[in-house]
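Among the features that TrEMBL reports, domain 'Nodulin-like' is placed at 23-266. TrEMBL lists 24-43, 88-111, 155-177, 183-203, 215-235, 247-268, 344-362, 382-401, 413-432, 438-460, 528-548 with the feature transmembrane segment. What TrEMBL lists as domain 'NFD4 C-terminal' is 343-554.
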Amino acid sequence: MGELPMGNGREIFHFANHVVKGRWFSLFASFLIMAGAGATYLFGTYSKEIKASLGYDQTTLNLLGFFKDLGANVGVFSGLIAEVTPTWFVLLVGAAMNFTGYFMIWLSVVGKIPKPKVWHMCIYICLGANSQNFANTGALVTSVRNFPESRGNMIGLLKGFTGLSGAIMTQLYLAVYGNDSKSLILLIAWLPAAVSVIFVYTIREMRVVKQPNQLRVFYYCLTIAIVLALFLMVMTLVEKAVAFSHAAYVVTATVACALLFLPLLVFVREELDVFRRKNMPISPPQIDTEHRPVVLEKEDNSTTLEIKKGDTNSKCFWFTDIFFNKPERGEDYSILQALLSTDMLILFLATFCGLGTSLTAVDNLGQIGESLGYPTTTIKSFVSLLSIWNFFGRIFSGFVSETLLVKYKFPRPLMMTLVLLLSCIGLLLIAFPFPGSVYVASVIIGFSFGAQLPLLFSIISELFGLKYYSTLFNCGQLASPLGSYILNVKVTGPLYDRQALKELAKKGLTRSSVKELTCIGNQCYRQAFIILASVAFFGALASLILVARTRNFYKGDIYKKFREQAEATEAEMASTNNNRIH
C-alpha cells in the first residue's frame, strides 16, 4: 500500500478532500447505504410480533407481506424523480420514507398508539419498504454509471451488501437492544435513514475514467464481503447453539462493523494512486480515429462525456419510433421503447415467476418453521441463513456471470434460467419436508433469490442502455410485487388458512375460538409450494426464450463503446493536465 502524502498540512488536507470527493469513496458510501437497504428481508423475523400483537390471521399477515413487496419493488417513482433531481435529494426522500414507515409500525406493535386499521399498516409497511428503491436508485444506478465496464461485478457487490443487510442488522439489534424483535423494527426505522443522511452529498455521478486497478479492487472488496458473510454465518450458528451474553453480542457486532468498513482502506490506497497521477504530466493515449471517428460533446455541467458516431436517426412518427424504429440492443432505448419491447415482456414474465415465488417463500419462512415444529431461535437462524446465502447468490451471479460473459460470451439470460431451475429444488424441499430440510431450503432459496436481482438489473442495462437506467431497472422489477400478490396473498395464504381451519375442525373448534389461526404439520404448505415450484419452472422456460433472442447480441463486444468513452475522457484529461503544467 502506498504511503500517504506526508508534506505540509495543506497537502494532507488536499488529499483528504480528494478522497472524500473521489469515485472510490462514493462507492464506499454506496456500500454502507446498500447494507442498510435490506430491511424487507427481515420481515420473517418481526412478522410474528406483528401477528401476535395485532391479532392477525395468516391471510392478513400475507397481505402485509404483499404491501411490503409492493413498496420494495415499485421503484418507478424513485426512478422518475432521479431523472429530474440530484442524487442527494433522492437519498433524503428515501431516508424520510424509511423512518416514517417503520417508526409507525414500531409504535403500533408496542402499543404507543391505538391499534391501527389493517389498511393503515399496509400503508406504513409499503412506505418504509419503498424507501429502499430510493437507496437503490441513488447508490446503485450512480455506481453503475461510474463503473460501466464492470457493471456485473458492481451490481453483484452492491446487491450483495443488501443481501447481508438482514444478518448485519440482526447482530446490531442484539448488541443494542438484546433479543427483542419489537426493537428490531425500531432499529430498522432509524439506522438506514441515518446512514443516508450522513453520506447524502458523497454519492454523485462522475465522468467515466479508465481505472487500471479496477478489477483488482473489486476482487479485494469481494474477498472482504465473503469474509464478512462467513463470519455472520458462523456467528448465526454459534448463537443458536450457545447462550450469548450482551457483551458477547457487542463484540460480534463490533467485528461485523469493522469488516464492513474495511473496504475503505482499499479505496484510500487507490485514491492515493489517483492523486499522484493527477499531479503528474502524462501523454495522451493514441486513439484510432481512422476506424472509430469520435466526437466529444461536453455537457454544460461538465460532468459527463458522450461519444457519438453520427446522427443516423431520422425524424419519424412517435408511434413508429416506439414500436418499429427501435435502437439496436445495447443502445439507449427511450422508456416507452424499452417497456413495450418483446425482450422486456419476457423479462417481466421470468421475473414474475422467479422473484414472485422466492418472495412468497421468504415472507412465509417464519410460519413454515413454526408449522414444522422448529423453536423460535431456530426459525431466526433460518432467516439469517437465507439472508447470508442471498448475499452469496448476488455476488455469485454478479462476478461469475461477468467473468463468463467477458471470457466465454456466456449470456446472462442463460444464467437466469439455471438459477430459476435451482429455485424449484428449494421450493420442493418445503413442499416435501424431512428432518433438517428447511436448513437446505433456506440456503437454496436465499441463493437463488439473491442471484436473480443482479442478473435482472445487468440484463436491463445491457439490452436497453444506461440513459434511462434509473427508471428502467425500477420498472423491470414491477413484476415482483405482482407475483408476490398473486402467489402469496391469493394462493399461499388462503391454502394455509384452509388447512388450519381443517385442523381446528378436527379438534371441534371454530375460528372464533382462537385469537391466532395457526397450522401445524407437513401438510400446511405442501399444496402451495408444489404450485410455486411449477411456476418457477415455467419462468425458467420463459427465460430460455430470451436466451434464444439475444444469443447474437451477447456474442459481440457489449462494452466497446464504454472503453472508447473512457479513452476519450482520459485523452482530454491528459491534454488539460499538460496544458496546465506547461
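Backbone N, Cα and C atoms are what each Cβ position is placed from, and that goes for glycine too.
Only residues 6 or more beyond the boundaries of the transmembrane segment (24-43), in the same chain, are considered here, and those with a CB under 8 A from a CB of the stretch are 65, 68-69, 72, 91, 98, 102, 128-129, 131-132, 135-136, 138-140, 142-143, 146-147, 157-159, 161-166, 168-170, 184, 188, 191-192, 195-196, 199, 202-204, 206, 217, 221, 260, 263-264, 267-268, 270-271, 274, 362-363, 383, 386-387, 390. Proximity of the transmembrane segment (247-268) to the transmembrane segment (344-362) is not established, fewer than 3 Cβ-Cβ distances being under 8 Å for residue pairs spaced 6 or more apart. Residues of the same chain lying 6 or more positions beyond the ends of the transmembrane segment (183-203) and with a Cβ under 8 Å from any Cβ of it are 20, 25-26, 29-30, 32-33, 36-37, 39, 42, 45-46, 49, 87-88, 91-92, 94-96, 98-99, 101-103, 105-106, 109, 128, 131, 135, 138-139, 142-143, 169-170, 172-173, 176-177.
Confidence for the domain 'NFD4 C-terminal' (343-554), expressed as mean pLDDT, is 88. Between the transmembrane segment (382-401) and the transmembrane segment (88-111) there are fewer than 3 Cβ pairs closer than 8 Å, counting only residues 6 or more apart in sequence, so the two stretches are not in contact.
Within its own chain, the transmembrane segment (155-177) is flanked in space by residues 30-31, 34-39, 41-42, 45, 132, 139-140, 143-144, 183-184, 186-188, 191, 218, 221-222, 225, 228-229, 232-233, 235-236, 239, 244, 246, 249-250, 252-254, 256-257, 260, 380, 383-384, 386-388, 390-399, 402, 446, 450, 453-454, 457-458, which lie at least six positions past its ends and keep a Cβ under 8 Å from the stretch.
With a threshold of 8 Å between CB atoms, the same-chain residues lying at least 6 positions outside the transmembrane segment (344-362) that come near it are 41, 43-44, 65, 69, 73, 338, 368, 386, 416, 419-420, 423, 426-427, 430, 441, 445, 448-449, 452-453, 456, 459-460, 463-464, 476-480, 482-484, 486-488, 491-492, 529, 532-533, 535-536, 538-540, 542-543, 545-546, 549.
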